[in-house]
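Enquirer: Sharing a structure, written as structure tokens. Questions coming.
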Amino acid sequence: MASNYYSAQIKQCLEFGTRNQSRHLKTIHGHIIKTLPCPETILHNKIIHAYAKLRNSTYARRVFDEIPQPNLYSWNSLLMAYSQSGHHLSEMERTFKKLPDRDGVSWNLVISGYSLSGLVGEAVKAYNTMMKDGSGSFLTRVSVMTMLKLCSDNGRVGLGKQVHVQVVKRGFESYLLVGSALMDMYAKVGFISDAKTVFYGLEDRNTVMYNSLMGGLLASGMVEDAKKLFQGMEKDSVSWTAMIKGLAQNGLEKEAIEFFREMKMEGLAMDQFTFGSVLPACGGLGAIEEGKKIHACVIRTNFQDNIYVGSALVDMYCKCKCIDYAKTVFDGMKQKNVVSWTAMVVGYGQSGRAEEAVKMFLEMQRSGIEPDHYTLGQAISACANISSLEEGSQFHGKAVVSGFVHYVIVSNSLVTLYGKCGNIDDSTKLFNEMSFRDEVSWTAMVSAYAQFGRAIEAIDLFDRMVQHGLKPDGVTLTGVISACSRAGLVEKGQRYFELMTNEYGIVPSNGHYSCMIDLFSRSGRLEEAMSFINGMPFPPDAIGWITLLSACRNRGNLEIGKLAAESLIELDPHHPAGYTLLLSIYASKGRWDCVAQLRREMREKKVRKEPGQSWIKWKGKLHSFSADDESSPYLDEIYAKLEELNQKIIEDGYKPDTSFVQHDVEEAVKIKMLNYHSERLAIAFGLLFVPSGLPIRVGKNLRVCVDCHIATKHISRVTGREIIVRDAVRFHRFKDGTCSCGDFW
């Protein structure tokens, strides 16, 4: 009687459960010890089985050791405890070897133990040994379903077909659960015709099977077939959710949202998977209003604290460019995982707030969440966008230590980072070390070479990319045409522009047309630039006109320069470039009356020239400089250094070019104004504080002027220092009196 009572207690503990099942079971076990000095083996077995169910292998072993003569059920229960724990495979193997006898349950537990631990090879080996040792007599429906799930989860379709043969031999195909597992395996690995054969070969089909086949159809892009199946089946919440998810993943976001509305009207219960499927559809469409409505539904159904739903909401708001809404949701999440943190890092990066993306990544690490390769790649990309070499290099170190450096998204981000930070040699080294390269890898390297003025390398790399069978995109073409522009290879650049539409089917954007204007303008072929503009399908944007106008200033072409300036002012009356560049042309021609008149126009229209600023980062701090800013505590030292430099570069042959100074003042005053341009202040700071073994890296918000470009060449020679200047357009690498951009800067 006592044994029956305790057996019922154990059964109730497992079936109905409590918040503390393990403690409740131990209490029952304690009463058994006190009241039954010698429990029957059958009661011992039930205790072991219960501890195994609760994954308490330690107590299961203690009870097993108390049995005078354990039977096969005792051994299998202990085996189950080790198999399901996921941490005691060696004990599982030792127990299995000690078994005095084995049955199908024993083998199933070993196969399941390996499978649960991700040891696919060991699970397959155990399955093959079982089939060999028992001539298939140990094969059960449980064995079959375990193996089919393993095949499904790991894409082992060949093995799955072998199991299918055994299913047919044993007559298991008529069992609903086996048929469901078999069909699910074929559906998940993309063998839809086989999945259909199994599905329609079964007399009984449940909703789970319909959902499984529908998911396989959607995963294979067979949307219409999935819709037909959906219309003819008995639907549940899982069915609707599967359709919503599948439609969104097939690029049919509008239909996914419509299905969500219909599901809501049907009054079906929604869970985290439903919300997690429809929110990406809103994000993909940028449907912020629909996303907000779903957010309200999330709150009404009390799913706002679900980590899966919270992450989906953050991602949706980020993709809809509502980064502050995303941050509000993120801050309100009680739990955060790598997905939610990554969504914020990506959101900030894609919203042009790269500094905040980097801060978010660092905060994520401090919170104890380890990034995956995708998160790390996005953080490095953010560093690239703000040319933050210091943090980017630290993230590179993390990529090496974690092994993520071998992921293509991380490698691509690093190539881009070093390219944008002026470390072209590091970019090249990383690119050459990549074991796998995709289109993004080649494009990043082509763009890096182009930005750095290494046109021949950029063109050669582009040609190699095409030879490797990879198709360039619009960004790649921008890079290679820019490279031709910087090398003065006009005809070659024209050929690439023609290939863009004729060979690669790319419709040229404003950016491509601006590159072509630059191609002609930089080489001094201003009339051809105008002819190209006249043949464009639409007028140039501001960048196109500024490009032509800059070339007119450098070449002293007042006629075309006036036309370009007037066109730019008409396009954007408050853009300062049209006025300031034309001012430079007038000043170079000595047309001071025109300079005065243009300045009056600027005052009347309240157009302000953007002040030139340069900066240099040293020891984690950004030091900014402008010509009229006296806030730097090192100003006296900087001015003294500039005076010293001016003497040296004059002795080296430097002659100030004051032709573009926009003020009608004495020549000596013009020279003094040039001497204190912001980039020279930053370079002097670098010479004072950056150790001689390191390059001096300067950023500038405007283009480097003609005189500063000449002067920096001389500074690099007389000081023996490498100076890298990143202006508004490109990199300039000054070394030994030369610049990487050559004569076409």
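Yeah, the Cβs are placed from backbone N, Cα and C, and that goes for glycine too.
The repeat 'PPR' feature in TrEMBL is assigned to 103-137, 236-270, 337-371, 438-472. TrEMBL lists 653-745 with the feature domain 'DYW'.
If you look at the structure here, what lies around each of the features I listed?
Expert: Residue counts for the repeat 'PPR' (103-137) under DSSP, split into helix (H, G, I), strand (E, B) and coil, are 27 helix, 0 strand, 8 coil.
For the repeat 'PPR' (236-270), the DSSP-based tally of helix, strand and coil residues reads 26 helix, 0 strand, 9 coil.
In the repeat 'PPR' (337-371), helix, strand and coil residues by DSSP number 26 helix, 0 strand, 9 coil.
Assigned with DSSP, the residues of the repeat 'PPR' (438-472) fall into helix, strand and coil as follows: 26 helix, 0 strand, 9 coil.
Along the domain 'DYW' (653-745), the predicted structure has mean pLDDT 83.
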Enquirer: What parts of the chain pack near the repeat 'PPR' (438-472), using Cβ distances under 8 Å and only residues at least 6 beyond its ends?
Expert: 408, 411-412, 415-416, 418-420, 422, 424, 427-428, 431, 478-480, 482-484, 486-487, 489, 492, 496, 504, 730-733, 739-742, 745
Enquirer: Mind checking which residues reach the repeat 'PPR' (103-137)? Cβ under 8 Å, same chain, six or more beyond either end.
Expert: 72, 75-76, 79-80, 82-84, 86, 89, 92-93, 96, 143, 146-147, 149-150, 154, 156, 159, 166, 169-170
